Number of protein chains: 2
Amino acid sequence: MNRVYNFSAGPSCLPLEALEKAQKELISYGSSGMSVMEMSHRSSDFQNIIDNCEALLRKLLNIGDNYKVLFLQGGASTQFAMVPLNLYKNKKTDYVLTGVWSKKAAKEAGRYGDVNVVASSEDKTFSYIPELSADMFSKDADYVHITHNNTIYGTRYTTLPDVGNVPLVADMSSSILSQEIDVNKFGIIYAGAQKNMAPAGLTVAIVREDLIGNALDITPTMLNYQTHADNGSMFNTPPTFAIYMCSLVCEWLDKLGGIKEIQKVNEYKAGLLYDFLDSSSMFKGTVEKKDRSLMNVPFVTDSDELNAKFIKEAKENGLVNLKGHRSVGGMRASIYNAMPVDGVKKLVEFMKKFETENK
Amino acid sequence: MNRVYNFSAGPSCLPLEALEKAQKELISYGSSGMSVMEMSHRSSDFQNIIDNCEALLRKLLNIGDNYKVLFLQGGASTQFAMVPLNLYKNKKTDYVLTGVWSKKAAKEAGRYGDVNVVASSEDKTFSYIPELSADMFSKDADYVHITHNNTIYGTRYTTLPDVGNVPLVADMSSSILSQEIDVNKFGIIYAGAQKNMAPAGLTVAIVREDLIGNALDITPTMLNYQTHADNGSMFNTPPTFAIYMCSLVCEWLDKLGGIKEIQKVNEYKAGLLYDFLDSSSMFKGTVEKKDRSLMNVPFVTDSDELNAKFIKEAKENGLVNLKGHRSVGGMRASIYNAMPVDGVKKLVEFMKKFETENK
Ligand SMILES: Cc1ncc(COP(=O)(O)O)c(C=O)c1O
Ligand SMILES: Cc1ncc(COP(=O)(O)O)c(C=O)c1O
Ligand SMILES: [Mg+2]
Ligand SMILES: [Mg+2]
Ligand SMILES: [Mg+2]
Ligand SMILES: [Mg+2]
């Protein structure tokens, strides 16, 4: 078994410890005599797994009792519809556009009501987070939507906008569990789990209770938060194995010291890479320094040929999935929680060597 | 590792061979250096997995080129909304009610149009499939919906209704891959994968192409079949690991000789159990003989105490999840493809012993 360092933007690397535990109990979990994949979701063994997963998420993120933690399917893309379908009253909402994902989210909301684009950084290929002041937001918006971390472009909000009493909804697909956040600042946080939590097929939504129960009439039952909130995420069969994997990832994080500690590690890892980018004359980061993501680090050389050569040789050295998204080009290193410090060190070493050999 | 015989109705047992293969490659798949759970859905490794899965399903079920095979999320319950949202034109449809699941499906369709209940077997706790003749169906219905196998009640359609030119839509969650079917008779076949195909978190829809592309305006993008049909089920991140497991299950089935062979095994297994039920003076099946399911076998004794004792002692003997659904009571043995013949033999032996000891 020859593990590589996997810099994929998602689905992405998982903690080896979690994978090893899953492997060990894959055929028979505890004394159950069956795989978690084979367990009835109504069994006490699975109830313990999902309860444990929720309890760990609540502990790690310090989630208050006035929030529901929902285990859903359909990816973050389904949330793009669920949010407006559940939150629209005036059918007016504010979106900040910081990348392809916020644009898609806004487009879907626009199919059901009026979307006001508060600000956009599309003018510079989404390489920064726009300045946002309280007066830019509509007082009568049903909610304000932001993409907390922009997976493709490598930016993140380092401060949250002041939206007054309007619920703030955040797509945290690529930043959840990576840094401390104050959940109380949000009406809804949602995340496709396949970056920092679990394998693909699980979507986690953290929803303030007062926002549940007023979905539009046209909302499909399965897209109504209330359906899942009223049934402990078991109105129908949930993605049981992905929830189990999420619990293993949360256990790993908890043992490590929780979000406070992983944030330090993440800042250290990102620092290694950004410091090198800033010192290098061959490689450079593509986003404004103040808005740099801790999770996704896009960078380029000034030649497409050199980029391609770099990606190819990195792969030969066990550093894989470094190709940037087509809308940015160049390279992107996604360094989620599960990417070991050693992986980033190896990447920086390799970049140094490559620079020496190719200048 | 002490494996039990798991008679759960879903999620349910998987072929040991598939689990063992998954276990072996859980940390590193092939030469990729990573788990399937960590793979980008855009990688060539994963593309091969999903292509292989689709090809195997097409081969096993003999699916024609005019059908799309879609790998979705949200469970069969999400299909209850997707079907009307995608197929409504006149907003008129026919539903046959043969259990809780068809009722739920009809209720959801009724939120968006007029549902005509063609027939129902609720008068006798859904213990039979109603007689259906061509003249019972509406000529101008957008589709006719049936639940092909009724997981809770243990009935199945042994012949398909004659619905003329109206598309027939079937929920095959608990019968897909268990017996030969002529896909050409159907407009749409859908199934939550967690019974006969894969772990929970994957929904497979087989959709005739002419039924794609006319969704109602209110349809969320993620609930539009076209979204997934146009993007090879990769509009967004699909449930990658569940798809991989589905491919392993299909490989196992293919090696075994395909659906023709597994149907023989299933008829043999069900025969063992039904024959015993018919000969026993303590146990009896709860459904009309002509409509007996091959997959789910509910049975009772005439005492709640005896039922409880049976379930408890069966469990102590490694025969688990035999408790019937609360709406039927008694016992239910789900004997999907992955339940070995030996499991059913052990169950029948145990029932015989129990009958002798308790009469
Ligand atoms: C920030 C963000 N939002 C949404 C999505 C879409 O998620 P999904 O594929 O789960 O629908 C992604 C996926 O990469 C993402 O990075
Ligand atoms: C026939 C049938 N239809 C639908 C469902 C609901 O499926 P899901 O939990 O995937 O929504 C089930 C689940 O048991 C079922 O047996
Ligand atoms: Mg983005
Ligand atoms: Mg530089
Ligand atoms: Mg049923
Ligand atoms: Mg009998």
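Backbone N, Cα and C atoms are what each Cβ position is placed from, and that goes for glycine too.
Binding of pyridoxal 5'-phosphate is annotated in TrEMBL for B:Ala76, B:Ser77, B:Thr151, B:Asp171, B:Gln194, B:Asn236, B:Thr237; the matching candidate from B:Trp101, B:Trp252 at the same site is B:Trp101.
Of the recorded residues, B:Trp101 (pyridoxal 5'-phosphate binding site) and B:Lys195 (N6-(pyridoxal phosphate)lysine) place their C-alpha atoms 15 Å from one another. Residues from the binding-site residues list (B:Ala76, B:Trp101, B:Thr151) with a C-beta closer than 6 Å to any atom of ligand 5: B:Trp101, B:Thr151. Proximity to chain A, defined as a C-beta distance under 8 Å, is registered for the following binding-site residues out of B:Ser77, B:Asp171, B:Gln194, B:Asn236: B:Ser77, B:Gln194, B:Asn236. The recorded positions near ligand 1, defined by a Cβ under 6 Å from one of its atoms, do not include any of B:Thr151, B:Asp171, B:Lys195. When the Cα atoms are compared, B:Asp171 (pyridoxal 5'-phosphate binding site) and B:Lys195 (N6-(pyridoxal phosphate)lysine) turn out to be 13 Å apart. In the three-state DSSP classification, B:Asn236 (pyridoxal 5'-phosphate binding site) falls within coil.
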